[in-house]
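If you check Swiss-Prot, you get these features:
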SIGNAL    1-25  signal peptide
CARBOHYD  Asn77  N-linked glycosylation site
DOMAIN    169-415  domain 'Fibrinogen C-terminal'
DISULFID  Cys178-Cys207  disulfide bond
BINDING   Asp343, Asp345, Gly349  Ca(2+) binding site
DISULFID  Cys351-Cys364  disulfide bond
MOD_RES   Ser430  phosphoserine
Amino acid sequence: MSWSLQPPSFLLCCLLLLFSPTGLAYVATRDNCCILDERFGSFCPTTCGIADFLSSYQTDVDNDLRTLEDILFRAENRTTEAKELIKAIQVYYNPDQPPKPGMIDSATQKSKKMVEEIVKYEALLLTHETSIRYLQEIYNSNNQKITNLKQKVAQLEAQCQEPCKDSVQIHDTTGKDCQEIANKGAKESGLYFIRPLKAKQQFLVYCEIDGSGNGWTVLQKRIDGSLDFKKNWIQYKEGFGHLSPTGTTEFWLGNEKIHLISMQSTIPYALRIQLKDWNGRTSTADYAMFRVGPESDKYRLTYAYFIGGDAGDAFDGYDFGDDPSDKFFTSHNGMQFSTWDNDNDKFEGNCAEQDGSGWWMNKCHAGHLNGVYHQGGTYSKSSTTNGFDDGIIWATWKSRWYSMKETTMKIIPFNRLSIGEGQQHHMGGSKQAGDV
């Protein structure tokens, strides 16, 4: 086919299609471009076929053009920014002027110092954060404690609104000693008031009453070492410690009270000493006609004889093997009472002061129930304050370096001792005051 054979109108249409804008200027359609000439209809695709082809791709071409225009716009902006940056560098940079000596090193050192300061402040910050958390925990704990205390105060205030009641049970029955109280029908051990014949007023004691009707008046008790027995003369005279309804506290009844009880009757008293070691084994020692003299005689201890008991007669002294006179100078019958501030012993020193107690000291002792409470029983010179056997000792039962766990001293009228307990009565050879 030759282009010279096409009609002018067809050529004009093709030129319009080729050179006209693809956007809004001209849109090719069958009506304005297609020439229905059978001579070319099936052989010349440059008429209606070209119009259909361009029409189908027109939208995509327009989108691509807009994308290219946007890319060109951004590139122009970046170019402008780069030019401005180059101008700024040219203003501050002088290629003809060399850098100052040490400028780079100085900047490096400043950078290092800044890093070190940052690290230091970060560590300090962490430390402060830890302290703040710790203080916050203390604050919260204290707040809880304050809340608990406020609750307890409120409870106490509520209790104080109620009438006061004595929670310690003191029995109503009274007598001159615990045996008289038992004779009046009392069957329960506990706290009772007694008034010995020469006493100006009644005082509280712990009575141990058994099923046979025996009423023991308790003079001393050691249980757990909770009470310090290093007291002065007045304290031993008046008594110290606490009396409990259950008999489970430590105390010394008082020398004046012991004197008033033991000297009041024509029927003499028997003294029983009860001991318990740290393995739970127990033993006793009984003494007949036990008495304690008045303060004017320094509360002198006397007894007639050792009745018996598997603990042995430590009050009669003990031969420790240190000196032939050990037994004589460690006996207790007829000895006056001594404390650290009132020395009445036979020793050139002060037995009560060196042993930290008050007792009927000789020079010094074989039986000592008011001594220092040594936990576990066994002790040594190195574990004591002055290097002496200052424990709760009973040398005829345990070594003088073995301290008892529990002790009790109690008295009862001599005629109330039970024959069935297996006590051995040694009526002969009784010791009187001053025999030692």
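Glycine residues also receive a Cβ, built from the backbone N, Cα and C atoms like all the rest.
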Cα-nearest neighbour of Gly349 (Ca(2+) binding site) within the listed recorded positions, Asn77, Cys178, Cys207, Cys364: Cys364
C-alpha spacing of Cys178 (disulfide bond) relative to Cys364 (disulfide bond), in angstrom: 32
Entry from the binding-site residues list Asp343, Asp345 having the most other CB atoms no farther than 10 A: Asp345
Rounded to the nearest Å - Cα separation of Cys351 (disulfide bond) and Asp343 (Ca(2+) binding site): 8
Cβ-based neighbourhood (8 Å from the centroid) of the Ca(2+) site, residues Asp343, Asp345, Gly349 excluded: Ser338, Asn344, Lys346, Phe347, Glu348, Asn350, Cys351, Ala352, Glu353, Met361, Cys364
PLDDT averaged over every residue in the domain 'Fibrinogen C-terminal' (169-415): 96
Distance [Cα-Cα, Å, rounded] between Cys178 (disulfide bond) and Asp345 (Ca(2+) binding site): 32
Cβ atoms near Gly349 (Ca(2+) binding site) (within 10 Å, other residues, all chains): 13
